[in-house]
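Step one of this worksheet: look at the structure below.
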Amino acid sequence: MAIFRQLSLGAKAALAAGTVFVSMIVSRSYLAESLEFRAWRCLFRLQLALFVNSLMLLGSIYIWRSTVSNLRHSPAAESACFQLWKMVVAAFLALAHSSFFTMIFLVAEEPYLFSLVAYTCLGAYVIMLCFLCVLSGMEQAYQLLAWRAGRAVGSLDKTRKLALRPALAVMVTTVLSVVGLLNAAQPPAVTTVEVPVHRLPPSMNSLKIVLLSDIHLGPTVGRTKMDMFVRMVNTLEPDVTVIVGDLCDSEASVLRTAVAPLGQLRSRLGTYFVTGNHEYYTSDVSNWFALLMSLNVQPLHNENVRISATGAHREDDDWICLAGVDDIEANILHYTGHGMDLEKALEGCSPDHPTILLAHQPLAAKRALQARPDINLILSGHTHAGQIFPLNVAAYLLNPFFAGLYQVAETTFVYVSPGTAYYGIPMRLGSRAEITQLILQAAP
């Protein structure tokens with residue numbers, strides 16, 4: 001205990017994160033079978049929220065020191081304005097930390113105001129933390145260059161420099177947050193992409209597939225947005241509509257009314273769905289499958305359907321194979337009965353007919369092409385095109401395909417949707433939500 005008290009606050013936060021992470025492993029490995037399923041599911045989601053908050057605490061310490069602690073020796077430190085400023089920063093950080101708990105306790109048909117405010121603060125937290133780190137790095141680089149050149153570092157006194165940093169951070173964070181909020185509030189753009197498909201039957205030339213992904217029904221996305229997406233899709237008059245995962249962030253029973261507009265989708269040859277990683281975080285996939293099927297949305301659980309120009313499941317010569325795999329996160333989580341199984345998903349698909357694969361993560365698309373390079377087209381999501389800066393950089397570096405259309409080989413393409421809505425944070429910076437209209441064109 002004495003050793004723990006001697007640790008810095010940052011070290012304590014890191015230790016807490018490690019402890020919660022170990023408890024998550026124990027919960028997944030040893031408690032999943034002994035606890036009642038609903039109790040275990042709540043426990044695991046609470047552990048996940050605690051783990052994320054433990055990591056966030058490191059950033060919160062840095063923000064607090066940069067915007068409050070470093071100013072305690074300034075002439076204004078005893079003023080009423082500074083005391084008010086401390087309360088504002090504390091409330092801002094508390095709201096940002098509360099955001100992940102709203103995913104457990106505050107999810108309904110429409111978002112609660114508190115959830116929207118909390119996730120907005122989380123977005124501002126990410127922007128501010130990044131800006132402060134970049135600003136600090138620039139200061140250190142300038143000081144190093146000045147020292148190596150044998151020059152004085154600058155004329156500003158230390159107090160003024162310490163006050164300038166939080167002022168700049170607040171201004172930049174406010175401007176970027178407003179821009180991000182306004183951008184995310186816009187309806188998704190409708191993007192039309194023509195994809196050449198080898199061996200596409202003439203009767204299926206110009207087949208229209210509408211792609212949705214990463215809607216993330218939950219604390220900040222509700223029925224109103226879902227209804228808007230459905231109306232936009234219906235105006236496109238799709239032949240096929242596909243939803244490539246991360247539809248939800250809570251249990252089916254909680255979001256039943258929010259997802260109900262999906263039942264109004266009008267797709268001539270059917271609507272299909274594959275799981276994303278967030279479906280497995282809800283630990284409620286079987287109930288989601290049942291709910292979606294009641295809405296005429298067919299889950300492709302490592303399986304495929306044959307689609308012809310006149311209807312699905314036909315045995316004639318003019319058809320394409322539409323296959324879907326479970327998200328690879330199911331393999332990592334050891335989710336019973338689930339996991340990416342490409343061989344099973346493509347069973348019955350013919351090399352003489354085009355194959356289109358639905359796989360939520362671009363990493364799954366890469367693995368699928370390594371195993372089966374004869375797949376014509378893979379449709380993915382997951383990246384959100386980064387959603388907000390600086391997460392764009394991380395999403396680009398961590399995924400083999402980032403956003404848009406990629407030609408992997410002469411007859412093989414991958415399309416990654418930037419997402420139809422957003423995850424949690426109701427902002428988009430450097431990205432735009434999208435509904436994708438893919439037009440299949442016959443290729444030699």
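Along the chain as shown, the residues are counted starting at 1.
Cβ coordinates come from backbone N, Cα and C, glycine included.
Annotation source Swiss-Prot lists transmembrane segment at 7-27 (among others).
According to Swiss-Prot, the feature transmembrane segment maps to 43-63 (among others), an assignment based on sequence analysis.
For the transmembrane segment (87-107), same-chain residues at least 6 beyond its ends with a Cβ under 8 Å from one of its own Cβ atoms are 42, 45-46, 48-49, 52-53, 56-57, 60, 63-64, 67-68, 114-115, 117-119, 121-122, 124-125, 218-219, 249-250, 254-255, 424. The transmembrane segment annotation in Swiss-Prot covers 87-107 (among others) and is backed by sequence analysis.
Sequence-distant contacts of the transmembrane segment (114-134) (same chain, at least 6 residues past either end, Cβ-Cβ under 8 Å): 56, 59-60, 62-63, 66, 92-93, 95-96, 98-99, 102, 106-107, 165, 168-170, 172-174, 176-177, 180-181, 219-220, 388-391, 424-427, 429. Summarising the annotation, Swiss-Prot assigns transmembrane segment to 114-134 (among others) and lists sequence analysis as the type of evidence.
Annotation source Swiss-Prot lists transmembrane segment at 162-182 (among others).
The annotation divalent metal cation 1 binding site is assigned in Swiss-Prot to Asp214, His216, Asp246, His384 on the grounds of similarity to another entry. Spatially close to His384 (divalent metal cation 1 binding site) yet at least six residues away along the chain are Asp214, Leu391, Ala395, Pro418, Gly419, Tyr422, Tyr423, Ser431, judged by Cβ distances under 8 angstroms. Reduced to three states, the DSSP call for His384 (divalent metal cation 1 binding site) is helix.
Feature annotation from Swiss-Prot assigns divalent metal cation 2 binding site to Asp246, Asn277, His382; the stated evidence is similarity to another entry. In sequence order, Ser213, Asp214, Gly245, Asp246, Gly276, Asn277, His360, Gln361, Pro362, Asn399, Val416 constitute the residues six or more apart from His382 (divalent metal cation 2 binding site) in its chain with CB-CB distances below 8 Å.
Sequence-distant neighbours of the transmembrane segment (162-182) (same chain, 6+ residues past either end, Cβ-Cβ under 8 Å): 66-68, 70-71, 74, 120, 123-124, 127-128, 131-132, 135-136, 156, 388-389, 426-429.
Shown in sequence order, Ser213, Ile215, Gly245, Gly276, His278, Gly381, His382, Gly419, Thr420, Ala421, Tyr422, Tyr423 are the same-chain residues outside Asp214, His216, Asp246, His384 whose Cβ sits within 8 Å of the Cβ centre of the divalent metal cation 1 site. Taking all protein chains in view, 28 other C-beta atoms sit within 10 angstroms of the C-beta of Asp214 (divalent metal cation 1 binding site). Asp246 (divalent metal cation 1 binding site) falls outside any helix or strand according to DSSP and counts as coil.
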